Amino acid sequence: MADGIDRTAEERMEFTTSKEVTVAPTFEDMHLKENLLRGIYAYGYESPSAVQSRAIVQICKGRDTIAQAQSGTGKTATFSISILQVIDTVLRETQALVLSPTRELATQIQSVVMALGDYMNVQCHACIGGTNVGEDIRKLDHGQHVVSGTPGRVADMIRRRHLRTRHIKMLVLDEADELLNRGFREQIYDVYRYLPPATQVVVVSATLPYDVLDMTTKFMTDPVRILVKRDELTLEGLKQYFIAVEKEEWKFDTLCDLYDTLTITQAVIFCNTRRKVDWLTDKMREANFTVSSMHGEMPQKERDSIMQDFRQGNSRVLISTDVWARGIDVQQVSLVINYDLPSNRENYIHRIGRSGRFGRKGVAINFVTSEDVRILRDIELYYSTQIDEMPMNGTLFYLRYRPMSRLSLWLTQSNSCRPSHVTTLSWSTNVEHTFPLLLMNAFSKIQIGI
């Protein structure tokens, strides 16, 4: 697994794919530029993942493409390699535009493009909000082969005529379900109308609801489809648990007990609102726990600094809103805690996908109040999975506020209350194992913690 992709999971993955799509088993079979191949191998890839082996050739042919695959299967590299194959680095003009829903993701994509194109003298700029407009203008006027950005700032630079669009041949929508949501939809259309009529469109995401797929017909022509079935989206190697917490105010003490008990490499804790992130961060620090936090209202410099510390391992626990749920890779994250269950079921898989990246083992723990039972059941039905109650042992793992009475009993009823087609994706469902023992077995004695 030197290239960071779980090949066992890849082999089991089934694609609902257009009939004309063929599989390229190696990068050499894709007839890529020699300097691009050098960059791919230097980046650590040895052979293409399932989505890469199907999508790269089609994108390089100029076909509009819809690619949906699990988190951590190399989607970013899929379109980055394709972009680097089709651009002309002699021409100092923007030829590919990548739009992302968050600034951090846009910056990460820029890093991937630069790394893969290390031997090609490629220029790629991250055009994102919250940064110095003058720097954007200077970089864009100088000429960039690829621009990775957020819709608002990109649209602004196009309107100001600093981002020249006449040579753009490819538009990539990363995390397309979020971009085509109401919050970004008009901005995407605003950008699209400035592009040349023949611009190729590539749509990429881990989740693509039917209404989003239907919407793509407005700006895509006869697209090639590479789609993973929805019930195969739950991540391989990622164990999902719930903890029944009858009252909202008991969540904090439960979290403190988890923090005291587990040993992890790095963890992300998700809350649904910025106010909750700030409140929980303050409470954890008051209790002498070392945590960092991030949400969309923070200045971009502060967000960049927090991200850098977290990537470098200087910060171990990050509390965040869904701004961190989309596509961001920190390979040492092994635990995700949903302090609040996401109100949008598509966001669930994006959140838990921050753990167990690139085929590593990971754990997702969901705090569930009586008001969240419907949401939990909806997630199980939607992804055809079963989320088990977290095993515990009084001597090894003790919650001071063990609220497992009626709610826990209801949640752990017989499987007759669950859909018959649900399958359990787990390493072990034997509840007599203690949770620390499960982690030890699952991670082969790799510490996962604080």
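Note: Cβ is positioned from N, Cα and C throughout, glycine not excepted.
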Stretch carrying motif 'DEAD box' according to Swiss-Prot (options 130-133, 174-177, 282-285): 174-177
Motif 'Q motif' range according to Swiss-Prot, out of 25-53, 83-111, 228-256: 25-53
Ala69 (ATP binding site), number of other Cβ atoms within 10 Å: 26
Sparsest-packed of the listed binding-site residues (Thr73, Gly74) - C-beta count within 10 angstroms: Gly74
Fewest Cβ neighbours within 10 Å, where candidates are the binding-site residues Gln70, Thr76: Thr76
